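J.: My questions all concern the structure below.
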Amino acid sequence: MKDRYILAFETSCDETSVAVLKNDDELLSNVIASQIESHKRFGGVVPEVASRHHVEVITACIEEALAEAGITEEDVTAVAVTYGPGLVGALLVGLSAAKAFAWAHGLPLIPVNHMAGHLMAAQSVEPLEFPLLALLVSGGHTELVYVSEAGDYKIVGETRDDAVGEAYDKVGRVMGLTYPAGREIDELAHQGQDIYDFPRAMIKEDNLEFSFSGLKSAFINLHHNAEQKGESLSTEDLCASFQAAVLDILMAKTKKALEKYPVKTLVVAGGVAANKGLRERLAAEITDVKVIIPPLRLCGDNAGMIAYASVSEWNKENFAGWDLNAKPSLAFDTME
């Protein structure tokens with residue numbers, strides 16, 4: 001059987017990425033051009049800046065991905081692309097490049113949900129067994145997803161307000177940490193003590209919903225009040241207390257979901273899945289099901305994960321037309 005090569009594109013936010021996947025599971029290349037340095041001074045992603053950067057580097061990323069994979073344009077079998085959720089301008093750059101490549105070479109175009117990409121990045125660790133449950137944690141999303149089979153995703157719980165990664169970045173900004181703040185808060189948390197009593201919203205409620213706005217507000221109020229009084233607070237202890245509250249919420253809801261949906265596998269994915277504290281809690285507390293977390297290089301936004309997610313769509317021949325458009329608010333269906 002002839003080898004299949006999928007060329008995948010990811011430009012939903014501030015990473016321009018192009019990857020090549022051979023057959024179902026051999027990631028030959030995963031080129032990522034990060035824009036973090038451009039957005040640091042703004043304390044967050046500026047959509048217009050992100051779009052312009054994507055335009056500047058997308059062609060070079062395609063060339064590098066093909067070269068690193070050791071294939072030519074003529075070897076590509078199909079093109080996969082993120083079409084949502086994300087920043088509309090950023091998404092359109094990847095969509096335009098993917099459609100142009102597919103059209104020029106007469107190839108099928110595979111539409112991929114960005115969050116499905118995060119989830120299916122776990123396929124790089126080992127073949128996934130369905131049904132499974134996934135905890136998706138990133139800068140824009142916090143959700144529990146039930147996956148009955150590859151490509152069939154249903155939300156069973158999600159945040160009512162801030163995403164967990166968003167909360168990390170906002171409290172990081174208050175402390176004067178560098179954007180994105182997640183890694184630094186995690187590192188500082190391991191040097192401090194959980195001495196500040198922050199709220200754990202909805203932790204005892206009988207649902208699978210998350211809420212981080214109250215925790216974020218409590219943190220900001222404590223920090224500002226201390227500043228106004230001229231008091232000095234330990235940054236390490238603040239980070240340790242904040243992260244302890246976040247992880248308590250995530251763990252409580254995940255355990256509740258595992259009780260409700262008896263599965264053998266839990267996938268934890270998204271940018272926040274790189275968090276050392278979260279990985280430690282999962283290893284210590286989730287012992288009755290298999291926990292699969294993508295490698296660090298596949299936790300953040302990257303086209304490799306989009307390639308993995310595209311395989312199930314390829315198998316179903318779920319191809320898009322040339323009218324495929326960006327869907328910035330694209331979401332999985334909710335479990336009824």
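Keep in mind that glycine also has a Cβ here, set from the backbone N, Cα and C atoms.
Below, the features straight out of Swiss-Prot:
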| type | residues | note |
| --- | --- | --- |
| BINDING | HIS114, HIS118, ASP301 | Fe cation binding site |
| BINDING | LEU136, VAL137, SER138, GLY139, GLY140, ASP169, GLY182, ASP186, ASN275 | substrate binding site |
J.: Quick one, of the binding-site residues GLY140, GLY182, which Cβ has the fewest other Cβ within 10 Å?
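T.: Comparing Cβ neighbour counts within 10 Å for the binding-site residues GLY140, GLY182 gives GLY140.
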J.: Cβ-Cβ under 8 Å from HIS114 (Fe cation binding site), same chain, 6 or more residues apart: which ones?
T.: GLU10, SER12, THR82, GLY84, PRO85, GLY86, ASP301, ILE306, LEU330
J.: Counting across all protein chains present, how many other Cβ atoms fall within 10 Å of the Cβ of SER138 (substrate binding site)?
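T.: I count 24 other Cβ atoms within 10 Å of it.
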J.: Sort LEU136 (substrate binding site) into helix, strand or coil using the DSSP assignment.
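T.: The residue in question, LEU136 (substrate binding site), is strand (DSSP, three-state).
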J.: Rounded to a whole number, how many Å is the Cα of ASN275 (substrate binding site) away from the Cα of HIS118 (Fe cation binding site)?
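T.: Cα-Cα, rounded: 15 Å.
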J.: Name them in sequence order: residues not among HIS114, HIS118, ASP301 whose Cβ is within 8 Å of the mean position of the Cβ atoms defining the Fe cation site.
T.: GLU10, SER12, THR82, MET115, GLY117, SER138, GLY270, ASN302, MET305, ILE306
J.: What is the Cβ neighbour count of LEU136 (substrate binding site) at a 10 Å cut-off, with all protein chains included?
T.: 27
J.: Using Cβ-Cβ distances, find the residues under 8 Å from HIS118 (Fe cation binding site) that belong to the same chain and are at least 6 apart in sequence, listing them in sequence order.
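T.: In sequence order, the residues whose Cβ lies under 8 Å from that of HIS118 (Fe cation binding site) (at least 6 apart) are LEU136, SER138, ALA269, GLY270, PRO294, MET305.
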